[in-house]
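Visitor: Per TrEMBL, repeat 'ARM' is recorded for 151-193, 406-440, 448-479, 530-572. Here TrEMBL flags 289-335, 660-729 as region 'Disordered'. Per TrEMBL, compositional bias 'Basic and acidic residues' is recorded for 292-305, 317-327, 708-726. For 731-889, the entry in TrEMBL reads domain 'EDR1/CTR1/ARMC3-like peptidase-like'.
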Amino acid sequence: MGKKVKEEKKAPPDDVFDTLAVESRQAGTVVLMLSSPEEDVQSKACEAIYKFVDKCDENKKQLLDLGAGEALLKLMQSEDRIVRRNACMAMGVMTANPDVRKFLRKREESVPAFIQLLAPEEDTVVHEFSALGLSNMATEFSSKATIFEGGGVEALVKCLNSSDPDVQKNSVEALAQLLLDYQSRAAIRDADGLNPLLELLKSEFAIIQKLSLLALDRASQDSENRSALRELEAMSLLIDFVAHPEWNDLHVMAVMVLSNLLEDIESLELIKETGGLKRLVALITDQVPPEEEPKAGTGKGEKKAGSRAAKKSAKGSKKEESEKEEPPPGEAIIPTLPDVKMCAAKAIARSAKSAENRKILHEQEAEKMLIHLLSHESTDVQTAAAQALGIMSENLLSKDSIREWEGMQPLIKLCGSDNGDVKEAATLALANLTSGNSSNCQEVSTLNGVETLIHLLADPRDEAVANACCVLTNMATEEVLRSELQGKGVVTALMEPLKSQNTRVQAKSSLAVAAFVCDADSRSEFRNAGGIENLVLLLHSGNDEVRRNAAWALAVCAVDEPTAIEICKLGGMDLLQEIQVSGTRKNPFAEVALERLLDANLSAKYSLTGQLSSTNLIEDGFYDAGQIRPNTKFMSIEDYCKQELNDKRPILFINAKADPVATQSASNPELEAKESSKTNVSGKSSRTGREGKGPSSPGRRRASMIPDDDRKSKNKEKEEKQREEELQAQLQKEAEVLASMENQPFNPPTDSNLVKYIEEVTERILPLATPNEQVKALAQFVADKMGGSIDKGQLPNFSWELPLSQVKFELKSNVIPIGKIKAGIHIHRALLFKTLADRIALPCTLTRGEYNRAWNEVMLTETTQQPGAPKFPPRCFIVDLIHQPGQLMRSDSPEAVNYKKL
C-alpha cells in the first residue's frame, strides 16, 4: 500500500469575499439585511423578523417604522421559495397590527401578493400565513372589496380542502370575514365553497367547527345559498351536529344556521318530509320523538330521521340486534343547553313570521315544544318561547291548539314573573291569543288571569302594561267578561296607564277605556275617577295613534249628557275642533267624537253648527247662546247665569221642570211661622213670668228690699246680654244658610209659561188627525204666543227688542226662559216651535240663518191621500211662523228663500 498523501484545500479565488458570520441584536440591522442581494441572507433575515414580530404587537409597529413592510412585501414576490415562505410568514403575522394593515391598504400590490401565494404549488406553510394575512386584512370593508375583486374567494375555497388544520382554520376565518359582504355570498356559491364548509363541521378541532358555522350563518342569509344548502342536505347535517353532546358549546351557532334555513317554506317542507323538525323539537325538549310512520318512497334523509325513533320505540322487535348494535353518535337523548333552547325558540319565531311557515309548523306541533319551554328555569328561554308563541298564535288554528295543549296557564303564570322581559313576552302572547278568540278570552278568566292582568296595569314595564291593555280590550268584546272585569275595578285601574308618558301605553289604554265605558254606570265611575281629564289631555299628543284612540274613547263617553258636559268643561270640544281644522292631525275618529259630543250637547251643537236635525230632540236644559266661532270656548248655562247683566243678546233657555227651591220654600214658611210664634210666646211669657208676679209673692217681697237703682241696672245688663246672644244666634244662622246655599247644586231658572204651553199643545194639537194639521195649528199657536202675525215689510217696525230688554232687567239675568218672551221674531219662534214639536213627537228641524233668522223644516206629503190615488214620498217644507202662520212653503220655492233671508 502506498503512503497517503494529505490533500491540500484550495484557497478561494482572490475576487471572492470570505464567508462572514454576523450576529445582530438590533432590529434595524436585520431590516437592512432584507435588502441584501444574497437569498440566504434574505431568508435568514425574514426568519429572524418572523420570530421577533411574533413576540408582541409593539414589535410589529417597530419594524413597520423601520421600513420592513416595503422590503417584506417585495420579498413575498421573490423567485426563491424559502425567501417567499419566510417573508410571507413575517408579513402574515405583522398584519395583526392595524397600522400594518393601513400601510398595506395603500399598496395596491399587497392583496394580490397574498392571493398569489395561495396557489396550489406553494408550500402548506405559505398557504397558512397567506390565509392569515387575508383574514386580518378582511376586517376592513375596503380590503374585502379588493380581495373579492382579486379572486380571493376562489383561492380561499380551494384551501378549505387542505389537510393542514392551520390552513383550514385561517382560510375559513378569512371567508367568514368576507361573507359579511353580499357579493362574496354569491361568489362562494359559484366557487362550490358551501360543501367544504359543511365538511369542516366534522373537524376534530372546535375552532374550525366554530368558524365554519359562522361562515355558514353568514352565507345562509342569501336565498340562493339556502337553496344550495338544502340540496347538500345541510339541515340533516346540522341536526346531527346538535345531537352530539360533545359539541354542545357550538349548538347555538348550529341552531342559528338552521334558523336562517327555516325562513324558506321549501326548507320547512323538506325538514317536515324527512322528519327532521320533530327530531329537532325532541332534541330541544330533551324528549324522544314519536315514531315516524313508514312512507312509500323512503329516501336517504328519511332513513336518517326515522332511525332514532325506530331504535328508541321498537321494544319488541329484534331485541338482540338492538343490544349488540351501538347507536350512532348523537342518537342518545342528551339535555341541551339553555342558550340552545333559546335559539331554537327564536328560530321557530323567525320562521313563523310567514303565514305558510306557520301552517307547516302547526302541522308539526311546534307549539308543544314552545309550551314545554315555558316551564324552563331560564328566563331567557321563557322569553324566547313566549315570543314564539305570540307569533305562532297569529295562525287561527294555533290559537285553539295552544289552549287545548294547556299553554294558557303557564303564560298567565309568567305574567307575574319578576323579570320584565318575561312579562312583556307573556302578555304579548296572551294579547295575540285572545284577539278574535272568545274561547281563549274565557280561558283567561277561568284560570284566574283577570286579577293578574289588572295588577299589571300598574307595572313599571311599559310594554307589559300596553300588552295587558290589549288583552283586557280583547276580553271586553264578551259581555259576561266585560261585566266581570268592571266588577273587579278595571275602569279605575285604567287611570294609571292613561297618565303614562309612553305613547304605546297611552294608545292601548285609551282603546281599553273605549271598550269598558259602554254603559252608564262605568261611564259615571270613569268620570268620577277623573278619567275624562286624562283623555282630553291625550288629544294634545303628537302621536297619531294616541290621538285617534283618545278621540274614540271620548266618542264612547260622550253618548250621555253628564259626560258630554264634563268633556266640554275640560276643553275637549275645543281640542276636537282644532284637530278637525288641522290639515295634518285631522282624523275620522275625532270627527265621530265631535259629532257624538254635539249630539249629546245640543246647545253646543246649535251654537257651533246652527243646525238641529229631526232626531235631535230639545229637552229641558237646552239653551241658545247664539252663533259662536269655532275657536271660541263654549260656556255652560251656570256660567251664563253667574254673569253680570250686559247689553249682549240674551241666552234663550228651555226648562219645563218644576223649581225645587220654590217647592221647598213653599212648605218652609208655615214651619218658620209656627216656630217664630212659639218663640215670641215663650219670650213674652218668660218676661211676664218675671214681671207679672203679685205683690204677695216672696220674690216680690225680696225685690222690694233691693234699691231701685240697683234693680234697674241689673235688668238693663240682662237685656243687653240677651240681645247680644240673639244677635250672635242670628248671625250664625245666616252664615249656616249661606253655607248651605253654596253647597247646594246649581238650580237653573224654571219656566212656568212653557209648562202651560206644553199642556195646551198636548191637549189641543196632539189629538189632530194628520201631521199637516198639527204643523199648521202649532205654527199658529207659536205665532199667537210671540206677538201674532207680522205683515210683510212691517218686520222692521215690529217692536221686540225693548220688551226683551225689559224681561232681562226684571230677571236681573242674561238668561231668559223662552216662555217669558211675548214678542219674538224668527229666531225665537223657530226655537219655540221646535221645542213644542219635539214634545208631541212631530219631527222637524231647526236651522239658524244670518241676522236673527231661523226656520223649521218638516217632511210632509203635499196633498191628502185619496183611496186608490197614487202615493208620493213626503217633501220638505218650511213652516211660516211670521207672516202667514201655518203656511207651508216648499224648501226650494222663492217664498222659502225670501223667508230665510233678510
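Cβ from N, Cα, C; glycine included.
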Visitor: To the repeat 'ARM' (448-479), which of 151-193, 406-440, 530-572 is linked by the most Cβ pairs under 8 Å?
Guide: 406-440
Visitor: DSSP on the repeat 'ARM' (151-193): how many residues come out helix, how many strand, how many coil?
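Guide: Summed over the repeat 'ARM' (151-193), the classes give 31 helix, 0 strand, 12 coil.
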Visitor: Would you report the average pLDDT that the model assigns to the repeat 'ARM' (151-193)?
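Guide: Averaged over the repeat 'ARM' (151-193), per-residue pLDDT gives 92.
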Visitor: Who are the long-range neighbours of the repeat 'ARM' (530-572) in its own chain, taking Cβ under 8 Å and residues 6 or more past its ends?
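Guide: Same-chain contacts beyond the flanks: 491, 494-495, 498-499, 503, 506-508, 510-511, 513-514, 517-518, 520, 523-524, 579, 585, 587, 589-590, 592-593, 596-597, 599-601, 604, 621, 633-634, 636.
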